[in-house]
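J.: Here's a structure for you.
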Amino acid sequence: MYRAEQPSRMAPLWFLLLVVSTVGATLCPDGSACGEKSLCCRLPGNEGFGCCPEGEVVSHSLPMMLSQTSCFGPSGCPDEYSCVTTPQGGSACCPMAQGRSCRDGHHCCSAGSYCSDDGHFCIPASNESAVICPDGKSECPALTTCCLMSDMSSWGCCPMPQAVCCADHMHCCPSNSKCDVQQGRCVTKQDHVPWMQKLPARVRLVVGLGDEERWVQCPDGTSCPDGSTCCEQVDRTYGCCSILSAVCCSDHLHCCPAGTSCDLVHQKCVSSNGEGPLLLQMPAVRQESANRVLCDASTSCPDKNTCCRLLSGKFGCCPYDQAVCCEDQIHCCPNGFTCSDGSCVMAEHSIPWMKKTLAKGLTTTRVHCDETASCPEQETCCRLVSGKWGCCPIEKAVCCDDHLHCCPEGFTCTQGQCLAEELSIPWFSKTPALTHEARDVQCDDMYSCPDGQTCCRLASGDWGCCPIAKAVCCEDHEHCCPPGYTCSGGDCQMGDQSIPWLRKTPALRQKARDVQCDDMYSCPDGQTCCRLASGDWGCCPIAKAVCCEDHEHCCPPGYTCSGGDCQMGDRSIPWLRKTPALRQEARDVQCDDMYSCPDGQTCCRLASGDWGCCPIAKAVCCEDHEHCCPPGYTCSGGDCQMGDQSIPWLRKTPALRQEARDVQCDDMYSCPDGQTCCRLASGDWGCCPIAKAVCCEDHEHCCPPGYTCSGGDCQMGDQSIPWLRKTPALRQEARDVQCDDMYSCPDGQTCCRLASGDWGCCPIAKAVCCEDHEHCCPPGYTCSGGDCQMGDQSIPWLRKTPALRQEARDVQCDDMYSCPDGQTCCRLASGDWGCCPIAKAVCCEDHEHCCPPGYTCSGGDCQMGDQSIPWLRKTPALRQEARDVQCDDMYSCPDGQTCCRLASGDWGCCPIAKAVCCDDHEHCCPPGFTCSGAQCIGGGGGLSIPWFSRTPALRQEGNSVKCDDSFSCGDGQSCCRMVSGEWGCCPIEKAVCCSDHLHCCPSGYTCNVAAGSCEMPQKKLVKISFPGATSALRLNYVWCDAQTYCFDGQTCCRGRGGVWNCCLYTQGVCCPDMVHCCPYGYVCLAGGASCARSGISRWDGKPSPMN
């Protein structure tokens, strides 16, 4: 320790202090004084006090005299002492004119130094000569004194050291004198002198080393300077009274010293010992995260601390500013000291070293308005006019009805002000709330690591997470080191320092946070699903919203929809408009129209030309058609290379064949994904355009799930929306697995040969067929004595079932030639059709070969970019077997011809397909032509060809209709008893036998024997509308007009009153009475009483039955 100077005595006359400005004194406890830039320090062996150079030593603190009553009152402290407040709430006299209490409450240090944590040492504030005022922010020049100004919130400077601050808060007097406020002078025992005017203090520009500001935390999260008291203000926030343990006055504006009470009437602080002026509170300070020392992007230490690395590689906090971090990575020392065997050493001085504490992650405490918006701490969420959240800058505020302003708790909003009894203050304006954003560290579009970590590749090529920010990723793809370190044989090295390295963890796969409306539709995160008037889903732009009954608008939670506004008690805000919901799509990666890979993988071609899947996103496909590498890497001899880094490459897996997601109505019909199958009035299937819909009983409409059909609307409680119209269902094609051209297995199964040589079906996809021709195993397994084996795993094998014989689904090349399903028609060199053995193939110009879709034919190979596979050879196309055209149940025409009625009423055959039947009942024309005087006219009248003659249709061999064991009628006829009692044959199927035993009528008619006719009561047909039906959809109806139809095989006839009736004959003849009709080739007699043909009576006589 430095040798102390001999004690010196201070000149007794106070006026010398005014003349000799270089003189400054510190009075030691034994009565001795030290000069300028000297401090009292205890002599060795406790032999009194000496003077030590200020700013060069760590001196002992001085004991204080504790005061039983407040030393701020009339009793005060000796003139050479200063009254200070202790952290324990009391007051004490420090034997220094500008002293500070240490934390123990028993010792103090000079204003130019700072107490150690145990209170036994005073650490000098280097490079600073200014006098620091008690607020910690203001300073006065050297050899002056800080005094509180008249506003009771700012500090002034008295131009003399150790001055006495006068009670008027405007003047001051020298040490060892008293203020005479009434006479305006300074009084000593010997004389009196004029008092001095104070000058304003300045705000500190530089904070000295170790000048750690201590703050008193207020209940609302704000802070007051050390030595002051938090008091609640008018607006329910907190202010600072500039003295310790102060009494907060009930007006929430003033305060008084401890031991006094507030006299608001006389504006004084009173006690049994005297009275003094009220003190005005100062605003409290909100401590921001900016006052912390940042270690890295994710951790920080308190202000005036130093970040030091711990043994774990994480950051710790040393409680000194600009501290020295010790090499043991556990302790630290103040600036200027060195770490040495458990202590901090500077020259001959030694103090214990400090242990570091763990640094904290940077977090922000916010007030959450809902799941997506928040306001800063100690603020209040209020709705804005837009319906979004805003922030009122005070806690527990009252939100004003104008949705723009707010008031403190206990106040009411009125005409631009906040009122509470007789108090009135201006109201506050709100600011928009902040939307929360995720703070994960993005590795790529799909993977991320938690905030404060680092993305590093694993050996698999996937992403891993290193548990520190801005880490160094080690080349072993398993470990990582803190920034600034290098990976070295199991450790992290920085110069001579070495710490264990860290292990990575797998990265997180990002999940969408959309709000699910149902299995198909969703709204963005923070919104609400509401039904639209169409029945579809819409999105309200706020969370947990109230859906309004108009199916267009919505309101914030807690509000009700009311005539264009959102109401909550007396509050009213405009309602919000919904937007359509998003239809969710599968997130598989599409390779082409048929194949895909799972989300997060990459499509790569295999050596076979099929698609394979690389198990990482945006991968690089290797040229061997078996492996792949992560993005940014190159394939190199079995490894993936990026600069000096090398990782094993990855093996591809086969791509998945896409399955249709249609909704199955039955084995033949389906509706698009997200729709519902409902029966139509015709009995066919229709599609309701929403999922899980309710099918209405009218067989025309449907409602959303949860609703009921009610008289043209869909009802749910008090809500009503229009119902929806169905559309016809789609006829679906089978997707069986083809064994060969004739046999197939159901989708998802595998074809295997049976012992008989026929095909069998294994009930799993891509199965292994066992050699016993009876069993099979899953892919990757082998058949072994009744079990399926894969390494050590064993499962029972599976039994095959017979394959299904399939109808051909050939690809048509033209009217005569076709190729098997899944192949492509290509011309051969002969000009005939050939078949390429893949679908949608590219036909090569040599007329012998073909390539897969997307490839080009190139000199014996199929090329796609840099990829090349062998081309394929075509096979001859198949000539199709004839398929007769059915005219009715008894007659047919050869394939490629058209059925037309002859003049006799029988069927004839036109020798071209889809021909136009001419009105003369003898000729026909090609499709698109019209019959005109022995010619066929087409092409806008510019093309004329001869018409064609019809030939008689072929009568098919039929099954006779049995009358009894002995008699029968021909196919398509009906058995009826004759007058003789024997059987006769009516020439129509399912006929009605008339009571005269001579005649018969079609099914559904009644015999009017007296009139000699077959009659059916008039019936008005049902009108059905199909908006949006496409021309590609063929319905089994005969349309009379745009709204009315008859069933297939009937004829529309006008009835009385202009309504449509249905004649049960195909191409029937409508009678003039507008009630009856006759078969084709017949004429109506007596206005419709009967039907007759040339040479035949008006009723058809019954021929004799066949024996």
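Keep in mind that glycine also has a Cβ here, set from the backbone N, Cα and C atoms.
Feature list, courtesy of TrEMBL:
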- 1-25: signal peptide (SIGNAL)
- 166-179: domain 'Granulins' (DOMAIN)
- 249-262: domain 'Granulins' (DOMAIN)
- 326-339: domain 'Granulins' (DOMAIN)
- 400-413: domain 'Granulins' (DOMAIN)
- 474-487: domain 'Granulins' (DOMAIN)
- 548-561: domain 'Granulins' (DOMAIN)
- 622-635: domain 'Granulins' (DOMAIN)
- 770-783: domain 'Granulins' (DOMAIN)
- 844-857: domain 'Granulins' (DOMAIN)
- 918-931: domain 'Granulins' (DOMAIN)
- 994-1007: domain 'Granulins' (DOMAIN)
- 1071-1084: domain 'Granulins' (DOMAIN)
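Looking at the shown structure, what environment does each listed feature sit in?
T.: Applying DSSP to the domain 'Granulins' (166-179) sorts its residues as follows: 0 helix, 5 strand, 9 coil.
When DSSP labels each residue, the domain 'Granulins' (326-339) comes out as 0 helix, 5 strand, 9 coil, counted as helix, strand and coil in that order.
As a whole-number mean, the pLDDT of the domain 'Granulins' (400-413) in this prediction is 82.
Long-range neighbours of the domain 'Granulins' (770-783) within the same chain, counting only residues 6 or more positions beyond its ends whose Cβ lies under 8 Å from a Cβ of the stretch, are 750, 752-755, 760, 762, 764, 789-790, 795, 797-800.
Sorting the domain 'Granulins' (918-931) by DSSP state (H, G, I as helix; E, B as strand; all else coil) yields 0 helix, 5 strand, 9 coil.
Cβ atoms under 8 Å from those of the domain 'Granulins' (1071-1084) belong to residues 901, 903-905, 1013-1015, 1018, 1051, 1053-1056, 1061, 1063-1065, 1090-1093 of the same chain, restricted to positions at least 6 beyond its ends.
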J.: Looking only at the domain 'Granulins' (548-561), what are its DSSP counts of helix, strand and coil residues?
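T.: In the domain 'Granulins' (548-561), the DSSP-based counts are 0 helix, 5 strand, 9 coil.
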